[in-house]
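Copied from TrEMBL, the annotated features are:
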type	residues	note
ACT_SITE	E:Asp134	active site
BINDING	E:Leu78, E:Cys79, E:His80, E:Met119, E:Glu120	substrate binding site
DOMAIN	E:18-156	domain 'Molybdopterin cofactor biosynthesis C (MoaC)'
Number of protein chains: 6
Amino acid sequence: MESQDVFHHFSSDGRPHMVDVSAKPVTSRTAIAEAYIHMARATRDAIVHQAIAKGDVMKVAEIAGIMAAKRTSDLVPLCHPVPLHHVAVRIEEHAVEAEEAVFRVTAEVRTAHQTGVEMEALTAASVAALTVYDMCKKADRGMTISQVRLVFKDGGASGRYERVDAGGPADA
Amino acid sequence: MESQDVFHHFSSDGRPHMVDVSAKPVTSRTAIAEAYIHMARATRDAIVHQAIAKGDVMKVAEIAGIMAAKRTSDLVPLCHPVPLHHVAVRIEEHAVEAEEAVFRVTAEVRTAHQTGVEMEALTAASVAALTVYDMCKKADRGMTISQVRLVFKDGGASGRYERVDAGGPADA
Amino acid sequence: MESQDVFHHFSSDGRPHMVDVSAKPVTSRTAIAEAYIHMARATRDAIVHQAIAKGDVMKVAEIAGIMAAKRTSDLVPLCHPVPLHHVAVRIEEHAVEAEEAVFRVTAEVRTAHQTGVEMEALTAASVAALTVYDMCKKADRGMTISQVRLVFKDGGASGRYERVDAGGPADA
Amino acid sequence: MESQDVFHHFSSDGRPHMVDVSAKPVTSRTAIAEAYIHMARATRDAIVHQAIAKGDVMKVAEIAGIMAAKRTSDLVPLCHPVPLHHVAVRIEEHAVEAEEAVFRVTAEVRTAHQTGVEMEALTAASVAALTVYDMCKKADRGMTISQVRLVFKDGGASGRYERVDAGGPADA
Amino acid sequence: MESQDVFHHFSSDGRPHMVDVSAKPVTSRTAIAEAYIHMARATRDAIVHQAIAKGDVMKVAEIAGIMAAKRTSDLVPLCHPVPLHHVAVRIEEHAVEAEEAVFRVTAEVRTAHQTGVEMEALTAASVAALTVYDMCKKADRGMTISQVRLVFKDGGASGRYERVDAGGPADA
Amino acid sequence: MESQDVFHHFSSDGRPHMVDVSAKPVTSRTAIAEAYIHMARATRDAIVHQAIAKGDVMKVAEIAGIMAAKRTSDLVPLCHPVPLHHVAVRIEEHAVEAEEAVFRVTAEVRTAHQTGVEMEALTAASVAALTVYDMCKKADRGMTISQVRLVFKDGGASGRYERVDAGGPADA
């Protein structure tokens, strides 16, 4: 094991590395993340009335989010590639006011692996939100994506995490 | 042009499509986007003191952002593939308080093309922020990414856009 | 130019190579391709009545086709990477009979480049059709994709091509 | 499990989603797909006599098919990423007549996973056929890809599927 | 099993194929590869003194190597896609002389799978070295990458391999 | 231009960035790179006599190199994405001795762009050589890739570069 010994300290001196999960057991993992998109009321109206020229915003964005979950380890340098068992992305109206409106993206990912799928859920939510921006940006460059955050996770050594204020009013 | 005439209404009935930019002139384009990452003060201290086990958080995240800019059209379904001329990503401390801290990501992208690079800048900022989350999530699952938004753009028919409140206090 | 001379015969002895298009002028290019998906009548009914569990088949498949057009040069080894100006994919009912039904996929791609975009249009049509298969395969493994072919192209030295029998009855 | 309950109906209201396979057992899976490429007799002669300028058509296309199998989940939006155990692609002459000729592509994929590999086999066959088109298109734009279909699958809850008429005369 | 019998000789007649590993047991696998980059002494000084305009060469190259390990099966046609458990890349000074200097890249990859991860380690080392070249090429186009080779592997039927002369003086 | 001024020093403080090439003219660019693969004589014999079980080594490796050239900017973090005009890869016997043999890979890439294609040529040569390793590694784990280096470049402000000793005996 001499060669390996040489490498034993490989990652301990501050170099970036993909953490060794060899010794971790395979367990069922779920992660749910959310993101909010703030926009002008008129933009929301155009989305809801299918009046955005590029197409059905929510459909395209939901699919973009699902596909992005599968690209997570290509994007996030130290993320492990994981064979995903389930991905779903949902975009819904969250708040509609006179001048402004907010959509909420939720992304759920599941696997059975040595690592969790928090990054997959967060990436899916982010890319779905970016896709909403892309489809509406001609009309509303001021749209803002906020509260990209983990809502729930389960499985693995760190166990369950549940965000207390998730799904509440987005006040960004 | 009969065949083309048949297709002339191809995208006008609400189907998603990548907008035809054939007739647009090639012009110089710049876009700057930002994102903020809210975290526990202890997480910020670990980042600043290079105490995150996975490696130098800001370095890894800046590179992830640059590489993500190049993948934008793979992620955002209706985004045009664009040969980029310049990409830079910067992560800096934005606010440090007793319990909480905020980092700011800024991403700048430039090209000369028929389309703008807003999505590239927003994708770079988002993925850089997601990478910060990934590297610190073991210690702080509550981190939140907010205010992902366009700060500046120039070039193209729609001209210049400058966000008034960019770089100000992130109050998400 | 000695080194280049040595390489002048590089590709002429039968080795695969991406053809040198340096000397070709940049011209406007359009290509339209089609594909047909043959399926059981019951499968068609489920698609049309939004009863496929995986989601809205035609929406997902159209988006998949658009995104695939952008990946063409990653898939087809000797295809040049091309910055696309326009992509649209349309799926429509083509024939409905008592036992069988046929959908038609049409994909249109445009650019201004040294090479054409036939492969991008054919790849978009193929992947859209494969996506229809994927979404319905649980119910109908016998679905068949046929008549994947170029319908129209314009631009470049070889000029215009228009397939005489395109859009006619798919008799595969 | 409150948060999860909220998401329990996530995908049941018609939204596209990658089906949850968490509860499925890992089983050995095989899938074989085929595709036929119809071309002018002269094109077939050029292929067989290694007279296509871009290189050895069948070799390049077989490799393209193998590589495409690995990209399937990047292309087909709701396809699960699967670690493949075996991929092989074969292109052979199927019929040679005075004016026309037909090549047959067969693709075989194997894994042990919760999901099947039908889409991987179909994608491999499609991309191999598209690559034949790409390499010969200069001479023969009328080439047509037909009968892209599943020939055989085994493994998983749905068991064995064997197409009765596979490998028979391609009459598209 | 008739259809499968037909395919039994599929890959035995010299066609390229991704070897069938279905029957192999899942075992722990480690691979370590190395590469050396020879450069002018002045280039080494610029790297060490953080004077390369493009940024911190070793940090960027180490991250590039890690990310490349995850892309191996996209690049190497007959390589199996493998869910990696650990990746680390280290770049260090190997030799510094008056006119010349040599850096050594080491890459370590681990998984538990039916196939080994030698190609992932070699790809990581190669791409890290290419990244060093990219960042310094403006100053030193003569840089050479040498001794890209496997240093150590363990796991699988072929057992342990340890290169005797690894890490010794690079005399390329 | 205030916002841009703020960003003017963006990349000057040592952060990694994709260099701004906006101001550079588009010029014709060629780059040729080479790599050598050292192997046991028996391995070379197996390659030449088509006795490697995985398939025709040189054909597969040449195609892998061409496809890798197109992925360069995905792999090398600060590399600009470039629409390539020509790629060719050639693998030839370089030296055959009693115990050892050496193959030489040459890769040639051409474009017309603001940046050169040295990295594309080097990446193509590297990945072609890695593919040779992959296909023969079962028999010969000691194979070594050496002398990965730029042989020739032309175009751009830095003009022509020609390596004096290229193509000579590989003495690594």
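Along the chain as shown, the residues are counted starting at 1.
Keep in mind that glycine also has a Cβ here, set from the backbone N, Cα and C atoms.
Remember, predicted model here, so these are calculated numbers, not experimental data.
Overlay of TrEMBL feature records on the structure.
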{"residue": "E:Leu78", "record": "substrate binding site", "DSSP (3 states)": "coil"}
{"residue": "E:Met119", "record": "substrate binding site", "DSSP (3 states)": "helix"}
{"residue": "E:Asp134", "record": "active site", "DSSP (3 states)": "helix"}
From the DSSP assignment alone, can you count helix, strand and coil residues within the domain 'Molybdopterin cofactor biosynthesis C (MoaC)' (E:18-156)? 46 helix, 51 strand, 42 coil
Taking the Cβ of E:Asp134 (active site) as the reference point, list residues of the same chain whose Cβ is under 8 angstroms away and which are at least six residues distant in sequence. E:Lys54
Across the whole of the domain 'Molybdopterin cofactor biosynthesis C (MoaC)' (E:18-156), what does the mean pLDDT come to? Round it, please. 96
Taking chain D as the partner, extract the recorded positions from E:Leu78, E:His80, E:Met119, E:Glu120, E:Asp134 whose Cβ is under 8 Å from a partner Cβ; order them by sequence and answer 'none' if none remain. E:Leu78, E:His80
For E:Leu78 (substrate binding site), the number of other Cβ atoms found within 10 Å of its own Cβ: 22
Highest Cβ count within 10 Å among the binding-site residues E:Cys79, E:Met119: which residue is it? E:Met119
In chain order, residues whose C-beta lies under 8 angstroms from the C-beta of E:His80 (substrate binding site), counting only those at least six residues away in the same chain, are E:Met18, E:Val19, E:Val21, E:Ser73, E:His113, E:Gln114, E:Thr115
Measure the Cβ-based neighbour count of E:Glu120 (substrate binding site), defined as the other Cβ atoms within 10 Å of its Cβ. 29
By the criterion CB under 8 A from chain F, which of the binding-site residues E:Leu78, E:His80, E:Met119, E:Glu120 would you report? E:Leu78, E:Met119
Expressed in angstrom and rounded to a whole number, the substrate site built from E:Leu78, E:Cys79, E:His80, E:Met119, E:Glu120 spans a maximum Cα-Cα distance of 13
